[in-house]
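Structure record follows, encoded as structure tokens.
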Amino acid sequence: MGKIAVAVIVSSWVVAVSILVNRIVTEPYMDEIFHIPQAQQYCKGNFRSWDPMITTPPGLYIVSLAYVASLFPGIFSMKADVSFSDACSSSILRSSNGVLAVFSSMMVYNILTHLRPSLTDRKVTLRTVVLALYPLHWFFTFLYYTDVASLTAVLASYLMSLKKKYFFSSLVGALAVLIRQTNIIWILFIACTGVLDYILDQQKDSADLTDSSQSQGKDAFPVSSQGVGTRSNLRKRRIHNQAATFSSPIHQKIASSVPSSDFSHEVREIISRLWQFKWETIASFWPYLVIMTAFITFVFWNGSIVLGAKEAHTVSPHFAQLMYFSLISVLFVPPVHFTIGQAAALARSFWKKNKLVSFFQLCTALAVGFLSVHFFSIAHPYLVADNRHYTFYLWRKVIKFHWSMKYLLIPLYVYSWISIFNILAKSQRKTWVLVYFLATAATLIPTPLIEFRYYTIPFFFLILHSHVDDDRSWLLMGILYVAINIFTIYMFLFHPFSWVHETGVQRFIW
């Protein structure tokens, strides 16, 4: 019932807002001027045509072709003179993202039920609907960008990995990379977290098998001719096996691998298990290795990670991007991170340890933040020249308000990361938190342009694994997201403006 409710709720606003957007914004807008004509070339069967300004692979256009093909019989029955290429209109192509937004909500619902089986349908539905309203995801549902398709493919790959369908996970992961090449980092993240879960399960299975053999040897006794003894013996063995499994030293070692355990011990234990089950791991996860090999080959052949506009998208050491991500992410979850209780909990966690060590760690974090914003803060030409984005105003009105402003924000950046780590550590192994941080860093640091939509996938992984159990917090987040979405779509649709020496209407956008 929960899935149906999610699908109906998400579809209701997708249909309503899509109709409104297509009636007012009839022509391709911003990056759509590259994506829509390219997709239309594919609809004409012209697969050799390629716009050199497009930076991402053709995965979105391939998905759109399949989508239009599924709709074409219905379109043809209504308009007999329409061709397949005519069916690839701006509104039809945009609607593919609307459908994918519903699918991504289904992925979120299934992931939450897998990660949090104790949650009721009502609670999972609430969390899924709120995440579907996440502004950086919600807005691009109505335009023909790669963001929604990218998120959907990554979440689908992750869900299949959680269900231990690693081959299918890698296939969908390959599609995710074809939609946006930086998704290779998240497919690697999915593979790494899958390996962590796999080796723990292998160890547990070995423990179960060992204890089962021992219990059978101890408890076996002759079977009566009527078979009564057999049933009684099997029942006793099952009870004994369950007790032995949960009291075995190996199972206790697995149970001890929780966030509170010593990090170095956890790493050594994982390396040991990985070596012990190396061949089983390779047999299960080899498809991910194929994707990684193919991607590395592509980068060497292409000479860059991006396809087009390589000069404007060169890899740069943009460490400040990590700082921006942390602050934006916690600002979108204020009831969790910006409360007196959370601040007090962070203070207690710092000072209950060795005070000298805690002080040194805090100083190190502040120093890293200072070095990031002082030496590795990049003002991309697109950022400072385009006033149609939130980031343009935040850069000029906040960060560049005064020379000291970017330094005054450093404590907020550090607090944000500490709060994020604190929330994740309550429910995840420390190695998982480390892998997540490295994946986020590998995705964002090489990116010279500040675009909040690049934060969507790491944010979703963050919130899905932050066990926020308070429904009130989710409701407050939902209200915040709705308010931001209404303001953004209102400005986008009803407050256009013109640039000097430019033709056409310009609109405000994320």
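Counting starts with 1 at the first residue shown.
Backbone N, Cα and C define each Cβ position, glycine as well.
TrEMBL entries are annotated by machine, without manual review.
Lifted from TrEMBL, the feature list:
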- 6-25: transmembrane segment (TRANSMEM)
- 58-76: transmembrane segment (TRANSMEM)
- 96-112: transmembrane segment (TRANSMEM)
- 124-146: transmembrane segment (TRANSMEM)
- 166-196: transmembrane segment (TRANSMEM)
- 209-232: compositional bias 'Polar residues' (COMPBIAS)
- 209-233: region 'Disordered' (REGION)
- 282-302: transmembrane segment (TRANSMEM)
- 322-347: transmembrane segment (TRANSMEM)
- 359-383: transmembrane segment (TRANSMEM)
- 403-425: transmembrane segment (TRANSMEM)
- 432-454: transmembrane segment (TRANSMEM)
- 474-493: transmembrane segment (TRANSMEM)
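Take the transmembrane segment (58-76) and the stretches 96-112, 359-383, 432-454, 474-493: counting Cβ pairs under 8 Å, 96-112 has the most. Just going by CB pairs under 8 A, the stretch in 96-112, 322-347, 403-425 that sits most against the transmembrane segment (124-146) is 96-112. The transmembrane segment (322-347) makes contact with the transmembrane segment (432-454), as judged by at least three Cβ pairs under 8 Å among residues 6 or more apart in sequence. Contact check: the transmembrane segment (359-383) against the transmembrane segment (403-425) gives at least three Cβ pairs closer than 8 Å, residues 6 or more apart, which meets the contact criterion. Where the transmembrane segment (403-425) meets the stretches 6-25, 96-112, 282-302, 432-454, 474-493, the count of C-beta pairs under 8 angstroms peaks at 432-454. It is 6-25 that, among the stretches 6-25, 282-302, 432-454, forms the most Cβ pairs under 8 Å with the transmembrane segment (474-493).
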